[in-house]
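Asks: Questions regarding the structure given below will be posed in turn.
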Amino acid sequence: CVASRQATCGTDCIPVPWLCDGEQQCPDGTDEQCGQGASTLSVPSVCGAKKVQCPGTHHCIPRWELCDRHQDCEDGWDEEGCPQQPCLPGQWQCRNRVCIMTKWKCNGIDDCGDSSDEDVCAPCPSGMVRCDEGKCILESLMCNDEDDCLDGTDEPSTCGELCVTAGHCPCGWDQGQLQRCPVSHHPSAVRPTPPVLSSPAHRLTPIPHLSCPRTHVPCRDGTECVAQEYMCDGEQDCADGSDEDGCAQLCDTPGRSCFQYRCGLGTCLNASLVCDGQQDCADGLDEGGDCSVPCQRSCAHLCYPSPQGPRCWCDPGYQLAEDGLSCMDIDECTEQRERACSQTCLNAPGSYSCGCLPGYLLEPDGHICKLTGPEPILLVAVQSEVVSYGLRSGREEVLLTTDKDRIVFSLDYDLVERKVFWMDLTTESIRWQDLDSGKKGTLVKGVRSDCIAVDWLGRNLYWTDGAAGQVLATRLGTAWRGIPEYTVVMDGDLDQPHSLVLQPLSGLLYWSEVGSHPRLVEAAMDGSRQHVLLAEGLGWPTALALDLPTWRIFWLDEKLGSFGSVRLDGTSVKILKLGWIQSPFAAAVWEGQLYWSERKTWSVQQVDKISGKNRTVLLKRHGQPHGLQVPTWGSPEPCCTNGCAKSNGGCAQLCLPNP
């Protein structure tokens, strides 16, 4: 085993983070014999018992950051010697690279979102065979010297003695299993020629038996579909890489320098390849013409020859000005926004730098900020329970349980008194429980709501009533005395208000409407100064989540099967239509991930909040998930513009902030 990175587990090795993580990986259970010397690993004392030191530096990282598929040490040491499997033990990788629990395969439910966990339960279509991993591939891809199966089972060592029948030889495939052939029947003699890419504009060749959604494109091997937004984005999404074929030289590829030389067919060359005596453009436009004319222009940075005469060229981080001579700085912070830095961005001549908000540390990659302190926890309402899920460790714990016939619907968390509040549909009441003492209570009865939200600073609780078209509020400290004590904050012109999120530090609230004219709206917490953030491109925005570090609000749309975000000033709208969003109920954003509950598949899932990629099923229990929240543990420090934060704003009863 790799020293300091792996531990012995019988005859195998396991990563250090799997020690004492609450799940037994070793058959004899020695990986969970914590504190008994069986699984202890010497850790450099400079970092303490719960951290490890990056070699050659004074940088310490928590043990859970080892093998987390993210480089935390500058030299990438924390990701060396890690298991090569894309999913954790006990998980299975779907065709779309989503990881689900192995036991969810063949359970009659599409947990993957692309049905690959259920497809493996049925025979492959005619003309296709199954990889050991589960997916089906074309017979013609067998023994083609390329790993079309993720596990490489389509390229066995016996390829020289195997053939594909297809009517050409008596041996071959029998219900997806290989049969040995005489060497004279070599498959190369009968294997069909793979599709040829005619041009970058037609990279993927559709396969007749594969049907993709309108917003997706089939991969060349015919085994999967990818979203149109993922074409030529610099990341391989098709297993065969066909979504990136021919993209490397496209001038309009995101992030590609705009000052490179453009060929006639739209491809792009580095300026150093122009007029070098060798034809690099397919149309030959990079040679000849005025290539021999010397560079005598007054270029601000560099000058290079071209068939059209000498041209100026700018250093990285700059772009050529309209005069064709001077160079202008590229403001990466404005043009790339969240893709440049996860939180704050400072532009500089020819470059930029990233920064983090208080409570966060900048990762070694110089772009991503990670929260310091205790592990963030995702609270999820599942049927009659509230479950906590560790966003780093994956640990699950039932925090509270109600009566079996009651459903915990929407929920939120009070940072000050460490209480969980939830909507109880059965009793039409809003209830609470103290996580420290276990004490329970009822805040208000006779209400019915799709969403509740806690103003932990102003000490109020808000909720929406879609049927009545209202937003209402009550004091957090209210005790039920048989008479409802709440006030209507907004009424009249609301068209089925649904999801609701608060920004207590600024005294603002945001809600979605799912009526005949869906929209996202902002207002002060007293209902004044209503302002429509977005009223286009929406169907049923049923789940909202605030991301204050990037100053954006996210939503998931049940009708359109999409998720999107918009800045809190109503600008920079981004929408991704993805077929696997089916019935979202609630959402939350934490660091670089978007989390949401899916009622139809009884699961909680996550994706990259910017690209929509790396979808993972985090939680799946026996019951429908509804509300979820990522609370910030610890004592908050009141500040800013919430006028009710101090002495209840001087009010005897309910105080509603108006910043």
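Including glycine, each Cβ sits where the backbone N, Cα and C put it.
Heads up, here are the entries from TrEMBL:
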type: DISULFID; residues: Cys1-Cys13; note: disulfide bond
type: DISULFID; residues: Cys67-Cys82; note: disulfide bond
type: DISULFID; residues: Cys87-Cys99; note: disulfide bond
type: DISULFID; residues: Cys94-Cys112; note: disulfide bond
type: DISULFID; residues: Cys106-Cys121; note: disulfide bond
type: DISULFID; residues: Cys124-Cys136; note: disulfide bond
type: DISULFID; residues: Cys131-Cys149; note: disulfide bond
type: DISULFID; residues: Cys232-Cys247; note: disulfide bond
type: DISULFID; residues: Cys263-Cys281; note: disulfide bond
type: DOMAIN; residues: 294-328; note: domain 'EGF-like'
type: DOMAIN; residues: 329-370; note: domain 'EGF-like calcium-binding'
type: DOMAIN; residues: 332-370; note: domain 'EGF-like'
type: REPEAT; residues: 507-550; note: repeat 'LDL-receptor class B'
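Where in this structure would I find these features, and how exposed are they?
Replies: Cβ environment of Cys87 (disulfide bond): Gln93, Cys99 lie under 8 Å away, each six or more residues apart in the same chain.
Here the Cβ of Cys112 (disulfide bond) has 26 other Cβ atoms within 10 Å, regardless of which shown protein chain they belong to.
In sequence order, Lys105, Cys106 are the residues of the chain that are 6 or more apart from Cys121 (disulfide bond) and have a CB within less than 8 Å of its CB.
In the shown protein chains, 21 other C-beta atoms lie within 10 A of the C-beta of Cys131 (disulfide bond).
The 10 Å shell around the Cβ of Cys232 (disulfide bond) contains 19 further Cβ atoms across the protein chains shown.
Remark: secondary structure over the domain 'EGF-like' (294-328) totals 0 helix, 11 strand, 24 coil, with classes taken from DSSP.
Sequence-distant contacts of the domain 'EGF-like calcium-binding' (329-370) (same chain, at least 6 residues past either end, Cβ-Cβ under 8 Å): 59, 70-74, 255, 315-319, 549-550, 572, 591-592, 610.
Taken as a whole, the domain 'EGF-like' (332-370) shows an average pLDDT of 86 in this prediction.
Away from its own ends, the repeat 'LDL-receptor class B' (507-550) comes close to residues 338, 342-343, 357, 360, 369, 453, 455, 458, 460, 462, 464, 466, 471, 473, 489-490, 494-501, 556-560, 562, 564-566, 568, 570, 573, 575, 584-589, 594-597, 609, 640-644, 656-659 of its chain (Cβ-Cβ under 8 Å, at least six residues beyond either end).
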Asks: Can you tell which of the disulfide-bonded residues Cys13, Cys112, Cys124 lies nearest to Cys232 (disulfide bond) in space, using Cα positions?
Replies: Cys112
Asks: Taking the disulfide-bonded residues one at a time (Cys99, Cys106), which has its Cβ surrounded by the most other Cβ atoms within 10 Å?
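Replies: Output for this query is Cys99.
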Asks: Using DSSP, how many residues of the domain 'EGF-like' (332-370) fall into helix, strand and coil, respectively?
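Replies: So the domain 'EGF-like' (332-370) is made up of 7 helix, 15 strand, 17 coil.
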Asks: Measure from the CA atom of Cys149 (disulfide bond) to the CA atom of Cys136 (disulfide bond) and give the result in Å, rounded to a whole number.
Replies: 8
Asks: Consider the disulfide-bonded residues Cys112, Cys131, Cys263 and say which one has the Cα lying nearest the Cα of Cys13 (disulfide bond).
Replies: Cys131
Asks: Using C-alpha atoms, which one of the disulfide-bonded residues Cys94, Cys112, Cys124, Cys131, Cys149 comes nearest to Cys281 (disulfide bond)?
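Replies: Answer for the nearest of the disulfide-bonded residues: Cys149.
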Asks: In Å, rounded, how far does the Cα of Cys131 (disulfide bond) sit from the Cα of Cys124 (disulfide bond)?
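Replies: With the alpha carbons as reference points, the distance is 10 Å.
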Asks: Roughly how many Å lie between the Cα atoms of Cys124 (disulfide bond) and Cys94 (disulfide bond), rounded to a whole value?
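Replies: Here the two Cα atoms are 16 Å apart.
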Asks: Look at each of the disulfide-bonded residues, Cys13, Cys94, Cys124, Cys149, Cys263, and point out the one with the fewest other Cβ atoms around it within 10 Å.
Replies: Cys13
